Amino acid sequence: MTLSFKPEDKLILALDGMSGAEVFMLIEKLPNLIWVKVGLELFTLLGPQIINQLRDRGKKVFLDLKFHDIPTTMGRACYQAAKTGAELITVHACAGKKGIEEANKSAVKGAKEVGLPPPSLLAVTVLTSWGSKDFVQELGIQQSLDQRVSLLANLASSAGIQGCICSPLEVMKLRKDFPEPFQLITPGIRSCGENINDQNRIMTPLEAIDAGSSKLVIGREVTSSENPSDAFNRICSQLI
C-alpha cells in the first residue's frame, strides 16, 4: 500500500516539562522528528529564541500560546509571534471573530515584514482536559460539549483562519463540515495501554487519523520513554 502522507509529518511532539538542554538532547535522539510544539511553559522559560534554535535544527514549530485577549492585543501578539518563524500559532476561539481576524491579519503582516511565509492560525475550541460533566457544572454553559466545539469551529472558519484544535472525538463530525485543507489538529492522543494522564477525550493515533485529524499532538509517550526514538518510531508505525 502506498501512503498518501508521511507518518512523521502527522506527529507534533510537545516539548513540555523540560529544560533547554533536555530539549536539545531529546531532539538529537529523534532524527525523523519534523514538528515540535512550544507551549506556555517552555516559551516562558526560554523566550522566543527557543523557536529560532529549534528551526536552526531543522524543526517546524507549532507555537501553542493560545492567545486570548482583546482584538488589539491579540493582533500585536500574533504580529510578533509570526516574526519568529513559527509555522502554526494558536488563539482561543472564545476570543471572538474580531479578535481572530485581527490576529490573522497581523500575523500575515509580521511574517511578510521579515520575509517569511505567513503562519497558519489555529483556533482552540474546547481543551481536551474538559469532560462533558465538568464542562456544564463548572462553566455553566448550557450546551453539550460537542455543540460548543462545533460552534467555535464555525466561528474560526468564518474568521478566515486555517484550522482549529479539538479532541479526536470531535474530528469526524467536524471533518464533514470542514474538508481539507482546513486543519484539524488533535491532542489527546494515546497508544493502547498508555496512561491518559490529564486528558479526558482521547483516541489512538490511527483512530484519530482515520477520523480526519490533520496532525496529532503527542508528548509524554515519547518524552518520558527510556528510548524516545523507539517510542516515536512505534507511533509512526501505527499510522502505516
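The backbone N, Cα and C atoms fix where each Cβ goes, glycine too.
Residues annotated as substrate binding site in Swiss-Prot, with sequence analysis given as evidence: ASP16, LYS37, 64-73, THR128, ARG190, GLN199, 219-220. LEU65 (substrate binding site) falls within a strand when secondary structure is assigned with DSSP. Cβ neighbour count for LEU65 (substrate binding site): 18 (other Cβ atoms within 10 Å of its Cβ, all protein chains included).
Around LYS66 (active site, proton donor), a 10 Å sphere centred on its CB holds 19 further CB atoms from the protein chains shown. What Swiss-Prot records for LYS66 is active site, proton donor, and it gives sequence analysis as the kind of evidence.
Taking only the Cα positions, the spacing between ASP16 (substrate binding site) and LYS66 (active site, proton donor) is 15 angstrom. Using a 10 Å Cβ-Cβ cutoff, THR128 (substrate binding site) registers 23 neighbours.
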